[in-house]
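K.L.:
As listed in TrEMBL for this protein:
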COILED    97-126  coiled coil
TRANSMEM  422-445  transmembrane segment
TRANSMEM  466-484  transmembrane segment
TRANSMEM  547-567  transmembrane segment
TRANSMEM  579-600  transmembrane segment
TRANSMEM  631-654  transmembrane segment
TRANSMEM  755-776  transmembrane segment
Amino acid sequence: MEYIDNMPSMDLMRSEKMTFVQLIIPAESAHRAVTYLGQLGLLQFRDLNAEKSLFQRTFVNQVKRCVEMSRKLRYFKDQIHKAGLLLPPLPASQPDIELEEMEIQLAEHEHELIEMNANSEKLRQSYNELLEFKMVLQKASGFLVSSSSHTTDREIELDENVYSNDNHADTASLLEQEMRSELSNQSGVRFISGIICKSKVLQFERMLFRATRGNMLFNQAVADEEILDPSSNEMVEKIVFVVFFSGEQARTKILKICEAFGANCYPVPEDAKKRRQITQEVLSRLSELETTLDAGLRHRDEALTSIGYHLTKWINMVKTQKAVYDTLNMLNFDVTKKCLVGEGWCPIFSKTKIQEALQRATFDSSSQVGIIFHVMDAVESPPTYFRTNRFTNAFQEIVDAYGVAKYQEANPAVYTVVTFPFLFAVMFGDWGHGICLLLGALVLIARESKLSSQKLGSFMEMLFGGRYVLLLMSIFSIYCGLIYNEFFSVPFHIFGDSAYKCRDATCSNAQTVGLIKYKDPYPFGVDPSWRGSRSELPFLNSLKMKMSILLGVAQMNVGIIISYFNARFFSNSLDIKYQFVPQIIFLNSLFGYLSILIVIKWCTGSQADLYHVMIYMFLSPFEALGENRLFWGQSVLQVILLLLALVAVPWMLFPKPFILKRLHMERFQGRTYGILGTSEMSIDDEPDSAREPAEEFNFSEVFVHQMIHSIEFVLGAVSNTASYLRLWALSLAHSELSTVFYEKVLLLAWGYENITIRLVGLAVFAFATAFILLMMETLSAFLHALRLHWVEFQNKFYHGDGYKFKPFSFALLADDDD
């Protein structure tokens with residue numbers, strides 16, 4: 001045991017040792033001190049003003065100012081994006097600027113931009129109105145000219161037939177009314193011209209028809225140009241219309257309908273000369289407005305370019321200043337002592353760096369009083385902090401997705417680095433597919449520096465974050481594929497000739513006559529002659545199923561052994577005696593014994609039925625094994641192992657709750673006084689627990705918890721072992737899918753002489769390989785490997801009820817615009 005205690009600690013095995021510290025900072029150096037600590041990023045502040053609302057804190061006005069500046073910067077960024085400009089790269093060095101000076105500059109820039117946008121919008125509106133007026137004049141002229149020529153042709157007929165009939169006046173048509181000279185002033189034909197969006201024109205015409213009861217003539221024509229909508233900044237297609245009607249009441253209705261549909265009406269004179277004159281004026285004003293608009297846009301783009309040159313630096317500065325003031329709001333402000341008091345967690349290794357940063361802050365702020373930094377005792381459990389690199393970070397994230405390790409708990413990520421990609425490869429074993437994954441991983445790693453600085457989509461970001469996981473998964477897949485001897489489901493004689501050959505010279509293949517073994521076994525992996533033989537499936541099923549059980553039992557044993565090291569680290573003798581020992585005995589009495597039988601059967605070539613052995617070990621433990629016996633004394637050993645498994649269950653269930661109750665009673669009767677290092681009582685409470693009032697010991701709750709834990713382990717030992725059979729099932733499914741696509745698609749198409757059929761078959765095979773075998777199967781195997789680690793492996797020792805160390809760090813600021 002001394003040897004184990006003296007072993008060097010692993011970086012990732014236990015989280016960093018943390019300490020609780022208190023800072024007493026003079027007010028004049030508080031801002032600079034917190035800024036330097038943010039640059040260092042090794043101190044997690046504790047909120048000492050949690051009972052206060054955000055608006056009751058000391059630096060709330062500074063936070064509001066930062067929020068307002070963030071709003072202005074977002075406005076600038078939106079304007080630059082809307083103008084289609086690109087942000088210039090951040091220059092190597094820019095002069096520093098004070099927050100107050102930057103606030104004044106931002107206000108000036110915003111006022112200037114708002115004024116320019118307002119002027120531009122007014123000019124754009126005037127330009128759009130003139131452009132619409134020009135198109136209405138052009139299209140309406142055509143309608144009016146065609147109407148007048150048509151009227152001249154009908155004039156004689158109207159004179160003869162209409163004017164002689166006085167009773168016909170009420171039912172006369174619009175053109176007839178137009179030609180009646182005596183009523184031309186009171187009830188003559190009039191018209192309204194305008195322009196409307198194309199999407200509204202059908203409803204608009206229908207509404208006009210209903211409102212005038214059909215007494216109108218609606219002419220329309222598509223506008224020659226699309227018009228820019230200032231609100232959406234999109235080009236809109238419009239329709240020019242002219243409505244002929246009669247009567248003042250109809251005019252009022254039509255105008256109201258135009259207003260309701262957002263149609264713009266423009267006056268068009270009937271005189272052609274006047275129309276030409278107005279058109280010339282409109283064209284002249286349009287030309288002037290175009291020049292003015294272009295000059296305004298150039299001026300605005302220049303202003304936005306100037307802003308964009310500093311925008312990135314301003315955004316980062318405002319973000320960091322807001323974070324500093326948010327952190328200062330977490331400190332207690334003592335008005336009488338003119339100082340701020342803060343508390344927080346930091347790793348022990350960082351104490352020296354933090355003290356140096358605080359001394360530098362005192363010197364730079366010219367403070368007469370230094371910053372006090374001292375260690376305190378804490379009742380609450382410290383946060384968990386693992387120092388990871390870009391290789392181990394993805395594996396740590398896989399573990400943290402299940403739950404963050406509690407302080408100093410054994411970290412499963414150490415083992416996950418190897419076991420996760422290996423179990424994935426057991427299900428995905430094919431060295432052809434593994435090479436494809438390897439190429440993808442190498443591309444991501446080769447472009448690492450470029451991709452890390454880009455904003456990626458959600459899927460690509462996840463893939464890039466797990467590039468080293470993908471790398472190991474592909475390497476292990478190649479290794480397992482060589483063991484299975486599968487290259488896109490095709491076997492190869494890589495490591496020599498097969499150990500099997502035909503019985504005689506007449507045999508053609510293994511499916512008709514069969515093979516016989518004539519030399520030593522194939523040196524590495526599965527013999528290629530098994531492929532296509534009559535016994536291929538039974539052989540591979542047996543191999544992969546037994547291998548899955550061996551891997552599962554081995555990993556579960558590792559999990560239980562880690563629980564021993566956890567209990568030993570936390571000086572928890574109860575968990576060692578009444579959890580670790582009975583658990584290791586129970587698991588190995590049943591499934592450890594099964595694993596030994598599998599290895600013996602492989603080594604001896606015995607024909608024993610292991611199903612029969614395991615079933616009758618429980619049903620008839622004293623019955624002779626007969627032909628299923630694998631070694632001498634097997635029957636006696638089975639009885640002993642069965643008894644040990646039966647004894648292990650009450651061993652897990654009863655002793656620990658009663659011992660905890662006895663120790664609790666002794667503690668408060670004065671015979672013992674100390675801290676119990678049990679899983680129910682955290683040793684992190686040790687420094688202050690003697691001063692804290694003890695919680696009431698609830699024996700029934702402890703007993704029920706232990707009973708649930710024991711039942712869960714007993715049932716889980718069976719279900720978890722069965723769960724590892726997914727390694728066999730998915731490996732078989734992947735192999736069979738590969739075989740189907742190879743034989744029924746590629747080989748079938750290659751059997752035709754037609755080049756088109758061959759190309760189609762090759763395309764279908766490539767598509768199936770890429771999207772089904774390399775994407776769907778990869779995702780499936782990944783999720784199953786994830787489940788095996790979270791449920792079957794980690795539940796043996798991992799509590800995962802801690803919380804992450806979240807230091808105040810400018811580098812870790814979230815990329816948001818709050």
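Cβ atoms are placed via backbone N, Cα and C, with glycine included.
Are these features on the surface or tucked inside, and what are their neighbours?
P.N.:
Same-chain residues lying 6+ beyond the ends of the transmembrane segment (422-445) with a Cβ under 8 Å from its Cβ atoms: 451, 463-464, 467-468, 470-471, 473-484, 486-490, 547-548, 551, 726-727, 730-731, 734-735, 738, 769, 773-774, 777-778, 780-782, 784-785, 788-789.
Long-range Cβ contacts of the transmembrane segment (466-484) within its own chain (Cβ-Cβ under 8 Å, at least 6 residues beyond either end) map to 390-391, 394-395, 398, 417-418, 420-422, 424-426, 428-438, 440-442, 444-445, 448, 494, 524-526, 731, 735, 778, 782.
Sequence-distant contacts of the transmembrane segment (755-776) (same chain, six or more residues past either end, CB-CB distance under 8 Å): 430, 433, 436-437, 488, 734, 737-738, 741-742, 745-746, 748-749.
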K.L.:
In the same chain, which residue numbers or ranges, 6 or more beyond the ends of the transmembrane segment (631-654), come under 8 angstroms Cβ to Cβ?
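P.N.:
Sequence-remote neighbours of the transmembrane segment (631-654) are 578-579, 581-583, 585-586, 589-590, 593, 600, 613, 617-618, 621-622, 624-625, 706-707, 709-710, 713-714.
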